[in-house]
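Structure, as structure tokens:
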Amino acid sequence: MRTSTLRCLVLIVGLSKELPSNSNKMAQFQEVMRQQLESSMHAELEKLVGTAKGAEVSKKDFEGFRKLFHRFLQVKGPSVEWSKINRPPEDSIQPYDKIKAKGLPHYIADSLNKLVVVKLNGGLGTSMGCKGPKSLISVRNENTFLDLTVQQIEHLNKTYNADVPLVLMNSFNTDEDTKKILQKYTHHRVKIHTFNQSRYPRINKESLLPVAKDMAMTGENADVWYPPGHGDIYASFYNSGLLERLIAEGKEYIFVSNIDNLGATVDLYILNHLVSQPNGKRCEFIMEVTDKTRADVKGGTLIQYDGKLRLLEIAQVPKAHVDEFKSVTKFKIFNTNNLWISLSAIKRLQEQNAMDMEIIVNPKTLDGDLNVIQLETAVGAAIKCFDNALGINVPRSRFLPVKTTSDLLLVMSNLYSLEAGSLTMSERREFPTTPHVKLGSSFTKVQEYLTRFESIPDMLELDHLTVSGDVTFGKHVSLKGTVIIIANHGDRIDIPAGSMLENKIVSGNLRILDH
């Protein structure tokens, strides 16, 4: 099909998402256009598969992509009607303290033996200036995210004489490097499994066809493939055969979380609540939520919609209501992406083709200023598909993501103590909240960040830290209250070893010279 014809089709389908159809004829015409776009996409995918050598591509991946693309063409406008949004019923989001008050039975090891820990391990460390999987970045005492995860689960297995396995959902970006590292855990008391999430083609925004010309992953094709978000876990887990295998071994639930969330440890009280529900009301899905602060205004929240508990993401919100969505008074909680899900329910929904998740359209710009889109889904969006789904409002300590070097500074500091792979807030900190830390662009990359600290400052009494420009810290620096350090362009500030800064603004130029 000629490019000019495709442009017309794309424009018509795009308009049909925004304008109400005035007649049956218009609706029929739009449907014909959509079918032609799908036919063009199908032909392009068949060409790509034809270029594959051996088992380079899974046909199941492309089948999943076709379904996603079909739904993308069908969607008209925002996926929610704002007037239909209701607050969740009170009993649908339980306070953690109420769950914890039940205590633990003596047979909690039996419950642990029904559990599998799944970590989302598809991301790279590029945003922090690192090559390879983000899970292999050192975050505390030279321990990586993966090291800490293995230590946590091994500690559980040893303490309760249990058999909790670890499953890593890798992407084509992280699989090879991760598998090499896994050899170091051979003698740990943790069984480790991996499976790969799908590999989908990026779509030219103008033509709505794949950018890729063949199945290669190198050269010109290096940026034309993507892993389609963590909502892909359900299909990929099922297609890998690992889901069936774990069910056969007697496993009933998975605890899913991002590998860079250092607060996402196995919580025995939530696990006990999950397994102790009566059979007729067995909860198939628990989402951990926590109170929203002004730093979390873009985070997804739980709503009641069409009689079901549902995750509402900012991408689904009509533009006129975005400010309302960000309000911390109307939407008081957000999704931590710590999820507890029934394995048998995942199997049932996959086999019934009933896993319904809203599509996230993620725009990107490739080299050469080529505008593309990638179609993704979020794992939490499936909450509406499961029976007796529940939210639990957990302490903020269960949400400790490390997305930037500012986050890294917090978890490396004396604000947290490390034991058996788990970080807990120091008892010596008088406030339960973490300080607000904002490091400037000179600290963005991990390697440069590390060279700017001779040792990590004492931050036990810190409320707020802003650092901008060429700044370095000597050994044994102490930061208290609100500290703002700004080195203007061309200036440099060296904070001397042993300094104590309390409620201070430091600016200008301060050089500590070697003698």
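Just so it is clear, glycine is given a Cβ too, placed from its N, Cα and C backbone atoms.
TrEMBL does not curate its annotations; it predicts them automatically.
Keep in mind that what you see is a predicted model, and the values were worked out from it rather than measured.
According to TrEMBL, the features are:
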- K134, Q197, G229, D260, K403: UTP binding site (BINDING)
- H230: substrate binding site (BINDING)
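On the structure: features taken from TrEMBL.
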residue : record                 : Cβ within 10 Å
K134    : UTP binding site       : 25
Q197    : UTP binding site       : 27
G229    : UTP binding site       : 23
H230    : substrate binding site : 24
D260    : UTP binding site       : 22
K403    : UTP binding site       : 14
Candidate binding-site residues K134, Q197, D260, pick with smallest Cα gap to the residue listed as 'substrate binding site': Q197
Most distant Cα pair in Å, residues K134, Q197, G229, D260, K403 binding UTP: 21
